[in-house]
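J.: Reproduced below are the annotations present in TrEMBL:
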{"type": "ACT_SITE", "residues": "A:Asp131", "note": "active site, proton acceptor"}
{"type": "BINDING", "residues": "A:Val15, A:Gly16, A:Glu17, A:Gly18, A:Thr19, A:Phe20, A:Ala21, A:Val22, A:Val23, A:Lys38", "note": "ATP binding site"}
{"type": "DOMAIN", "residues": "A:9-293", "note": "domain 'Protein kinase'"}
Amino acid sequence: MNDAVMAKYTKDKKVGEGTFAVVYVGKQVKTDRKIAIKQIKEGEFKDGVDMSAIREIKFLQEIRHANVIELIDVFTAGPRLSMVLEFLPTDLEGLIKDTKILFRLGDVKAWMLMATRGLHHCHRLQILHRDLKPNNLLISPTGELKIADFGLARQMPNPKDKMTPTVVTRWYRAPELLFGARYYTPAVDVWSLGLIFAELMLRLPYCPGEDDIDQIDKTFRAFGTPTEEEWPGLTSLPAYPKTVNKYPHPSVQELKMRFSAATENGLELFQAMTELNPADRVSCEEALTADYFTEFPRPTKLAELPGRTE
Amino acid sequence: MATASPYPSDIIMSKPYLSENAIQQIQAHSVYTTYSRYMAQANIAFKVLEATCKSLLLPVRSFGTAMVLFSRYCLLNNSLDGTFEEVLIACLVCACKIEDTAKRVRDVHGAVYLYSKVAMVAFDACKPKIMTLELQILETVTFDFRIRHPQPYIIKIAKALGASKEIARLAWTISMDTYRTHMHMKRPPHTIALSCLILAGKLKNETNIFPIKSEPYNSDRLSVNHALLDLLDLYMIYLDSTKLGEHKYEKSVFSQLRIAVSKEVENSHVEEHTLSHEQEQAISKQLIRDKTRSDKGTVRYILDWEIHQLGKYEEVN
């Protein structure tokens, strides 16, 4: 960043470094608003400007939603490319790991509601996120949850476009992706959201596979092994393993044991979001109308949510 | 002019569409100073990129985006910052990233040189240049990745019109030729699609789809006619090097059609927006990308709708 930007934004300190960018916090001088500056690394271009930077600019420029991170500016200064983003100090992963914080039922509901709303907006704009995980759900100083990191996002494909199945962090990867499906739907994001739901209730990852094969096993162990009748075409997916361990689908009783604090409606939504067959999984729109969101307790108000810094 | 901004930074708004007049004005200051010089290069770029995209198994939209980037880069800069081939490689690499069909730069480099008639320059020698060009291209299009293509609209409008498959196929061929021209800077893709279908219908003498109303397809008759004129101008001069040229149509067919269309345009009595010489000069000066701008200060890129969020001291180019 050069002097010109320093006049408009202040760059205070480095807060993080990823594979393709360095992140700084700063302030928008005029409004005193805190911002994050994501500076794309120079000199480390392997294949030019990083694909994820292009994707992020492409999608975030056109999304405006309370539950999606705001891209305030795109700058070039000399050969460097920088993005100015909304400053979001906390993420859901940090909150989940912070054992000092107690989650109330309403807190989980509020976060799930905000995440589903944000995701619904992305899907409505024909955008697949493809990397939902607690780490990418950021919390604003006022407690609002915002979906971030569109580095793997893409436009929903045309009917015959093949897509790569190696997306989404392993623990949150939907079964169709684990089996190498080249054609998939927004349902992959809903699955990730379902697993985040489980993680919010348990405070532990629900399917922490050690590698891709273990991930399949852990997924089946948690949700039961699907059959060809339940999911037509399942066994002909490219990476469907030759031998699978057969696990029964967990009964309602079993789920109630696993998630002792959850209500029946909550479990119903969780099950609907984690249907193994993507064709049977709920859409974001259907999820938003689930009874879970309207039953007691109500989602916690922003002002009372944990993780706020203001 | 507004009072000087307290910040020495520039704001550039994306301008996805330009008027015919503006394009003519800018052309004189751009890389290729006349339309015919541009077309000669665009025809080469078309052939090389088409062959490259085929060999790399890229979809049509990646090819289209690469051509759109190429024509914008040529029009909105005053010199090529590299060899012609390096510019082509950078355009295609950018297009692949925008269209999510990523290819390795090395592969694109190899293919482009394979189909160009020049001696191969070693990858490591031109790589830094390609990387610089890539950023320049992104700046030229002001990080506006809303590049849409006429092909999906051709299919949809053809279905709605009840046109035969041959018409749709011919219109598709014509739509590929549009990438040689500046049409994609002048008209939205659905208007281009409609004009391609009309021309295809006229060439095949398919009377059942006429008369075609433009309004249901969110276009107006005048802009469709202007698009048609652009197409006919292309085929009257460059028919032999176009894809439609393979279909063995007489050039006279196009000139007859052109007479009819231009008569209608003249009779439509639309006031032309003429600019004074000073205004035109000012426009072309603004639009040509100042390569030193981002070295001197910071350039901020915005899309049109973001303009309402700017402060009143911020001056937009």
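Numbers run from 1 along the shown chain.
Cβ coordinates come from backbone N, Cα and C, glycine included.
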J.: Could you tell me which of these recorded positions, A:Glu17, A:Asp131, has the greatest number of Cβ atoms within 10 Å of its own Cβ?
T.: A:Asp131
J.: Average the per-residue pLDDT over the domain 'Protein kinase' (A:9-293) and send me the rounded value.
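T.: On average, pLDDT over the domain 'Protein kinase' (A:9-293) sits at 89.
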J.: Once the chains shown are all counted, how many other Cβ atoms turn up within 10 Å of the Cβ of A:Ala21 (ATP binding site)?
T.: 22
J.: Sequence gap of 6 or more, C-beta under 8 Å: which same-chain residues meet both conditions with respect to A:Val23 (ATP binding site)?
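T.: Listed in sequence order: A:Lys14, A:Val15, A:Gly16, A:Glu17, A:Ala36, A:Ile37, A:Lys38, A:Gln39.
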J.: Using the alpha carbons only, what distance in Å do you get between A:Ala21 (ATP binding site) and A:Asp131 (active site, proton acceptor) once rounded?
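T.: Here the two Cα atoms lie 17 Å apart.
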J.: Taking the Cβ of A:Val15 (ATP binding site) as the centre, count every other Cβ atom within 10 Å, in any protein chain shown.
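T.: So the number of other Cβ atoms within 10 Å of A:Val15 (ATP binding site) is 14.
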J.: Helix, strand or coil by DSSP: which one applies to A:Asp131 (active site, proton acceptor)?
T.: coil
J.: In which DSSP state, out of helix, strand and coil, do we find A:Ala21 (ATP binding site)?
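T.: Note: A:Ala21 (ATP binding site) is in a strand by DSSP.
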